[in-house]
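Enquirer: One structure coming up, written as C-alpha cells, with questions to follow.
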Amino acid sequence: MFSFYFNDNKITKLLMVGYGSTGKSVCDFLANFIDITVDISQNDDEFVNYDLNSYDLITVSPGIPLNKSPYRALTKFKDKIVSDIDIFYQYIKDTKAKTIAVTGSNGKSTVVTMTDFVLKDLGYKSILVGNIGTPALNKIGEKFDYCVVEVSSFQINLFNCVRFDLGCIINVSPDHLDRYQNFEQYKQSKLNLAKFSNDFFVYDVHNGIKYAGEYQIIRGAIYRNSTKLLDIVETKLFGEHNLENIIVVLNILDRLGLDINQAIASIKKFKGLEHRCKIVKKVNGTTYINDSKGTNVGATIAALNSITNSKNIILLLGGVAKGGDFSLMIKSLDKYVKYVYIYGADKEYIESYIKGYCKYQLCNNMKQAFELASQKANSNEIVLLSPACASFDEFSGYAQRGEVFQNLVAQLEQKS
C-alpha cells in the first residue's frame, strides 16, 4: 500500500463532509492508502465539532449547502476544498484517456448518456460518471478511452484543480434559486466550468449566449452548413428539443476528432432516457407522457414547446419548487395547455405565479392530480407529467415519481 498524495503533497488527514454516494466513494477509495486519517461529518451537529484548520484536505459532497450555516465556515478554507472529481483526475491525468464534462439546467443527462452510448457503439471504451448517478471514483480501476462526466453547478463550485479535455454548457435556465442569490450567480457558476477545461463551448440558443457552431435546426432536421444530416423522425427520440441535444453531442464528437457520419448512425439507435418526454401509453385516445425528469421550469417549458402544436395538454405540475420562476412558463401554458393540476409541497407558491393565466385546480398529491386529469382528458389530448419541481416531498426521486405515473397509466388501461 502507498501513501495518498494530492498535487504532489502527502495527505495525512482529510475531512469528508457529507456521506452520500459521493462521500462513500471517496472514503472507499482512500481506504486503499496508508498513513491517512479520514474523518466523516454526516450532519450539522457533527460538522461543528471538527477543527477545519487541522486538515490537509476537505472533501465536500455536492449536496452540502455552502451558503447556509454551519457550512458557510468552509468558504474560509477554499484552498483546502477538493471534489471527488479532483481526486479522480489526479489519478487518471497521466493516462491517454480523454475527459468530457457537460453541465446545464436541462438536457445534460441526455447529452452525456447519448455521448457515452455513441462512443461505445463506435467501439471505444467509455465510462459515464458524475451527477448522472455513478461517482467517478467508483470507476477508478477501469480502463477507458473516454470519461464522460455530468457535472452540476454545485460540483463546479467545489472544483480545485481538475482539467477536462473538453467542457460544454447547454440550456441554462433558472434553477436551484434556493442555493443561489439570483439567476446571474447560478449562470456564472455554470460558466466557471471554462476555468477547468482545455477546450470549451456553449450551446444555449434560447438565452442569447453565442453559439458559433456549424449545425442548425431547420424544419425538424439538423443541417451542417447546407447539408441535411438527420431528421428527428429517423431517431427513436421524441420532441424537437432532442435535436438540440444531438447538436451538442455532434459538437463534442467533432472536437474529439471522430467521424460524424458514423456517429449519426449510432445516434439513430439511441433510445433516450427513462422519464424524459417518454410516451407511456395511449388510453381511450389520450396520450400519457412521462417527463418526470423535468425538475425545473426550463425543462417543462422545453417539453411543452416540443410535443404538440395544439392547445391540447393537461399538465401535472408540482413538488418542491426550489425558488423557480413559474411566470416564465406562462407563454407556453397559454399556447399549449388546456388545464393544469397543481400538487405538492409548493402548490400555493406555483399558484401565485400562474393564477389568472390558465385554468387550474389544486390537488392533494400526484395521484389525485392524475385521476382528475384522466377524467378530464378527451381523445387526441395529452396528459403530461412534467412537474417543473423536485420530487422529494412525496417521492425518493424523479425516477420513483415517473414509475408511479407509469403504474397509474397501467392501472387506468386495465380498467378501460
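Every residue, even glycine, has its Cβ placed from backbone N, Cα and C.
As annotated in Swiss-Prot:
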type: BINDING; residues: GLY104, SER105, ASN106, GLY107, LYS108, SER109, THR110; note: ATP binding site
Enquirer: Around the ATP site (GLY104, SER105, ASN106, GLY107, LYS108, SER109, THR110), what further same-chain residues have their C-beta within 8 angstroms of the site's C-beta centre?
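Expert: Close Cβ neighbours, site residues excluded: VAL102, VAL111, ILE170, ASN171, ASN245, ALA299.
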Enquirer: For ASN106 (ATP binding site), just give me the three-state DSSP call.
Expert: coil
Enquirer: Report the member of SER105, SER109 (the binding-site residues) whose C-beta atom has the most other C-beta atoms within 10 angstroms.
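Expert: Answer by Cβ density within 10 Å: SER105.
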Enquirer: Test of understanding: give the count of other CB atoms lying within 10 angstroms of the CB of ASN106 (ATP binding site).
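Expert: For ASN106 (ATP binding site), the 10 Å Cβ neighbour count is 27.
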Enquirer: What's the number of neighbouring CB atoms sitting within 10 A of the CB on LYS108 (ATP binding site)?
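Expert: LYS108 (ATP binding site): 25 neighbouring Cβ atoms within 10 Å.
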Enquirer: If you count other CB atoms within 10 A of each CB, which of GLY104, GLY107 wins among these binding-site residues?
Expert: GLY104
Enquirer: Please give me the CB contact count at 10 A for THR110 (ATP binding site), counting all chains in the structure.
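Expert: Around the Cβ of THR110 (ATP binding site), 25 other Cβ atoms lie within 10 Å.
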